[in-house]
Every structure is written in structure tokens, then in C-alpha cells.
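If you look up TrEMBL, you'll see 1-135, 175-215 marked as region 'Disordered'. The feature compositional bias 'Low complexity' is assigned by TrEMBL to 68-80, 88-122, 192-205. TrEMBL lists 219-305 with the feature domain 'ATP-dependent RecD2 DNA helicase-like helix-hairpin-helix'. The feature domain 'UvrD-like helicase C-terminal' is assigned by TrEMBL to 685-733.
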Amino acid sequence: MSTDPATDTPEEPADGTVGPEGHTAAGAPAGQESATATAPDTPPATPPTETAEDGESGEDASGTAVTGAAPAEADAADASADAEADDAGAQAPEAGPEADASEDAGTPAATGDAAAGGAAPGLSEAQAELAAQKIERERIARRKAERAGPVEAGAKLSGKAADLLAAVRAVEGGAEAPSPYFDEAPAEPRRAAAAPPQQRTPAHAPRTDVPAPSADAVDGVRAVLARGGAPEALAAPAAAALGEAAAEELAEDPWRLLAVPSVRPAQADGFARALLDSGAGPDDERRTHALVGWLLVQAGLKGHTALEVPVLEKALAQYGVTDGAAAVERSVAEGSVLVFHEPLGPPPAEEDAEQPVRVLVGLEGPAMAEESLADGLARIASTFDGSAGDPADWSAAATGPGADLIRAVAGNGLVAHTGGEAARAEPLALLAAARRLGLRACLAAHAPAGPPSVTVAGLLSGAEGPGRDADGQFALDLLVVLDAPQLDVETAAALVESVPDGARLVLSGDPGVLGSAGAGRVFGDVLAAGTCPRLASRVPDPGPLGELVSGVGIGELLQVDAPGKEVVIVPVRDAGEAVHRTVQLVAESVPRAFGVPADDVQVITPGHGGAAGTRALNSALKERLNPGPGRFGGFDPGDRVVHVPSPGRALPARVVSADAQGLHLDRAGAPVVVPQELVEAQVRHGWAVTAHQAAGARWPAVVVVLPGDAAQALSRDWVYTAFGRAERHLSVVHGVDQALPRAVAEGLPKPRTTRLTGLLTALAAQARPRPE
């Protein structure tokens, strides 16, 4: 693909507006902000990320970072500077309605019932799923207790932090934030455009639902907020986050308001000054304690499972804390954060030599999930004895495109498989071979992919797949997980702990795509540890699109020969023209030139906010494709939407109707009802999505929109993911000039600070027989 304007487009309309020389486009809808925020595809209340969208649950998070110590400057920026980014820039991925949880370039959407202040009369699909996961988490905790004492992996974070996301949408509605309290606390500078949003809304498989706060609790919080000059819109979210005693807690410790994901330190400081006047200062222990937890939550939304102590101390200093080391020590002493010493490099040759270590701190949820995950992977690898299936049978089955993978799985309990879209045929061949051999085999994917696969979320909840045995583990002999890069540590831990001893596990995915919307770098860390066989597929993605995407994967933006107009560049001058051209492509040009219905054309853009973000694009596309008054909470029958029942899950659906029960959706033929109080947090229009929301799915035609103000949000993995969603045709609405080839060549993913590689390496070393 070339970045130069194309001389042709997919059958331009008569007015020629789709062509490179097209006419000036209509301006963007009034009120749209410039997409220059620092938040990626994650909900506004949370740090920008593209993986967690807000109510979308996690927008486009672009972090598939390398394990290991990340530069302190970069991590500090992730933990603090980016956390101040607002909805005006990049979009949030899938936190709310799928990624909106952390302003994945949008805003962290509330994923729970907190925002509504009430609970649905019955269990929703998300509640049922989360309840099932809670039970599984309890089982995992009991298993770990046998080894190291009672540990309820993820209990704290999954309960409070995850449910806090539910408050975001209420705040986005929008009351004004209180004025800053400490003038000396430096305001975080905004960047031109949020870096590819990293799903900043942690996807918590083990999250538990919290009952809606009582009316008395909400009223009490409202009174305290009024005394402190905070918006009343925060009452229900704060009560949901802090519980029935929220009013008393806030009156005693105003910085507890930071438990609400939409609240920033400057706002909490203003609230505290109004309540306490001169009774507090920048180094108030209540303030520093709240900031430590808040910064670690922001880091988790960017994919980190822990932070190096110097990085956290530097971030605290940016908020006026003079003694960051003491603040961290107090939080560790109080047990609100955990501390870890991770060896650096191989053990020293001399017995008396000291092993260099780095000191990390993290929240209990992701930290314990990471350890549980490492233990589970080591258990699967060590308990496999190769007795399932006769070797001769496996050898006979090892034919066709999946032969190498079948042979690898025949002799190993844990296998990592890498490859592009075409390589997905190999796990399918493995599944068929295993079933022919009489094994109970299951294939699970991140997004709905149709038979014979199930979704990871459905498998964990019990709604899909083989179910569980008497011990609570999956009733299977082989589990193949597609889209492994989309696994966050808590989801992966729940999945791995459910695989029975002696069974086989295959983690398959494309290392080049965007990382998970939640904390962790599971697939990358497993590959980096090298403790299990790794099989790289040699099946190339076909055609001009395959050539283009493969080039992006190695840092080259190729000019491919596309005689069938498989790839078309549509240059634009500004965001308004980008929206105009996008609507023309979806509604006219692509359907006419390729026979692809508008419903099968997916628009992908870097973020939710801005004049050409998902919000602006969806507004324009709805007006053209399904105009209506939005009588069902902004939606009309026939609207194309994304449903985000839990962080990190963005499920395409269509609006059918609405009644007292809630909003009725058709999701791939399955009826789904979203309770009225959760609609704002879990549903958003879906003609345009972020790359994180699109990860794991493909469409016949894709329109990737790159407005000029999104240049800073681009990276190689973002472009690779977005371009790779197209099966037959890709149109690129191009307004970033040389920023696109530069992002492909130089835009490496931001490193994520994780511990899984080190944990796996240490467990493998312990398992090796020692020389006598």
C-alpha cells in the first residue's frame, strides 16, 4: 500500500466525492471535540486506552509491550500523565459498551449497575456470567491456599475496582468537576492525540456484582458532595463504590472519592479542601494513600500488572507528594498494595554474589491472578503424561495444514501457536483431529466466531462449551484458545485454573495485534518465557490484503498491487471531510463496487472522542443508514450497536425494541435484554468501533479512518490490527500524511510491566532435575 493518494476508488459515486480529489466534506457535527486527547480507546473517566472503551469495557489498547522493566519515564507517564487525559482525544475501547471502560480513546464506561443506582430485578447475562466466575475464583483460591495460604485471587480489585467502572457513564452525562484543590499539583499536559488506547479498563473475569446502594446511602452521599461542591451526579457511583457507609467515609476521608473512576486527583483535592479547609495538605496520609491506589489502577488500565517503586514515586511527585517513598511504604504496611522482588538476569555464578532484583508494587487482583496463572500453566505442562491417544493415531492424524501443530500437541501438555488470520485453519484442523481420536476437545475465541468455536467468556460462565465436572473443572481433554493476545491475566487465570490435570492447552494467536484491554501481557509473556513448545505457522495471509498486513507486521507500509481494488486510499484534508467520505464509502461506494451490504462494512477509527471518533462517525452513519429520534435511550429499532456486558467484551448486535424490561437486542440470532439502567453503560452504536473493539473479528469490508488529529495515537500494532480486520476490501480514509508510514516503521507498542515471564521461568527452573 502506498501513502500517496490513490487514483481510483471503489466505483466512485457520480459526484466523485469518494475519489482522491473529492469535494469538501460536510463539517463534523457541532460540539465534537478535536481528537487530540491523550486517552486512547478507554472510557473518559479512566486513563486513555483503546482496549477498554468505557461502558464499552475497554477500548483500543495498544499495548503489547515487552515484559521487563519499562523506562521509568514511560511508566510514570502511563500511571499519571495519561491518566489525566479526557474524552476529547482518543477514544476508549471496550469498557462501557465494549471498550468504553477506560476511554480507550473514549471513556471508561460503567460496566456494572452502579451508574444506575439500581439493579435489575433478575440476573442479566453479565451478572450470571460474573456469578459463575466468582464461584470459579473461590475454587481457585482454595487451590492456592493448599500451597501458600488463603489467597482470593482478584477479590479486591475485581469487586471494587471493576464495579467502579459502572459510575463513569453517569458522570459523562455531565456535571462540572470541582475546581482543583492544590495549585502546586502540576496539571498533566495533554498530547496531540492519545497513544493507541490500551484497553484501560481491566477485564475482570472474577468480578463480582455489588448490590445497588440504598436510596438512603445515595442521599447521604449527595449531602456530603453538596458540602464539598462536588456534582450530585457522583452520588450513586460513589455510594456503589464505597458501600452503605459511603457518606461517613467521604466526610472523614474526602480522597476516597478517587474510588469513583471518573474522578481525577485535582477534583478530589478540590472536594477535600471544601470539606477540610486547612485540615489537609498535599502530604496528608489520606491523600497519599488514595493516590497510590489510584495510580496503580490507572497503570492497570494501561496493561501493567505492577509498577516499579521508583516509577510510582515519580508519579506521586507529579501530584505534589514530597515523600513518595514514605507514601508507598505506608500503603504496603496497610496491606492495600503488595510488594514483589523480581530477580534480574540469571543467578550469579558465585554463591556469595547478590542477585540483582527490581522491586515492584501492585494491587492484589492482578498480582495474585498473575501468580495463579503461572502456577496453572506450569501444572498443565507437568501433569501431562501423553497417555491420551495412541502415538500412532496422532501420527496418522498429522496431515494437512495443521500437521505440525498436531504433532506438537501429541507430545506436550502446553503449546503456543503463532500466526496470522490464515493460520487459524491450523487450530481448526487440530480440533477436528482430536475429536476423531475420541478426545473431548473445545475451541474458544475472544469474539463470537460461530461453530465449532465458543467464546472464552461463554466457556467460563458455563453458557457455552462442555460444562464442568464434579471438581469444577472443564470436562475436556484439549482446550484450544484463539486470540490469545486478548487474554488479560485475570481471565487467563480463571481459564487455566479450570483446565484439568493431564489435559492439553494450546494458546494460539497473532503476536502482532493489539494487546488485551485489561492488565497483563499473557501471550507475549508465555512466548518470552520459552518454557513450552512454540510453533510458528508458515501459512501466509493471501492476496493484496495479506501482503499489506504482513508488511505492516515487519514495519513496512508496502505499495501492493490490488487489481480488484482490494485496497483503496481516500485522502482527506480534515476530520469533517473524513466523516463525509466515510459515510459515502459505507452507504454507497463499497456496496456498489463490491456487492457488500452496508451492514457488512465495519468502520474502525483510533478513538471514541474527537471530530472523527466513533461518536461522531456513528452519529453521521446512523443519520444516513437508520435515521430516527433515538426513542429508546438514544437508540432506535434497527440500530447497529456494540454490547459490552463486561469489560473487554465488545459484542455486535442489532436493536430490536425496548420495554419495561430494558433494551432488546438481537446478537447473532440470540435475543438479549439489557436492563434499562445498564443501557447507557453497556450499549453504544456500532457502525464505527475502535481497533480494540474490533480485535478478534473480521468483516467482508473495512473502512479505517485516520483523521489528522489521530496521528499520535497510531502505532504498528494498531495499524496491523485495524487493517487485518478486512477480508475482501479495505478503504483507508487517510488524513495523517507521513504519520502512517512512520507509525508502521517506528511505532512500537508501549512496554507493559508484568511479572508472568519471570514467574514462569522460575517455576521451570524449579522443576528441572538438579544434578546429584
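Residue 1 is the first one shown; counting continues down the chain.
Heads up, the Cβ atoms here are built off N, Cα and C, so glycines get one too.
When the domain 'UvrD-like helicase C-terminal' (685-733) is classified with DSSP, helix, strand and coil residues number 18 helix, 19 strand, 12 coil. Broken down with DSSP, the domain 'ATP-dependent RecD2 DNA helicase-like helix-hairpin-helix' (219-305) shows 65 helix, 0 strand, 22 coil. On the 0 to 100 pLDDT scale, the domain 'ATP-dependent RecD2 DNA helicase-like helix-hairpin-helix' (219-305) averages 92 in this prediction.
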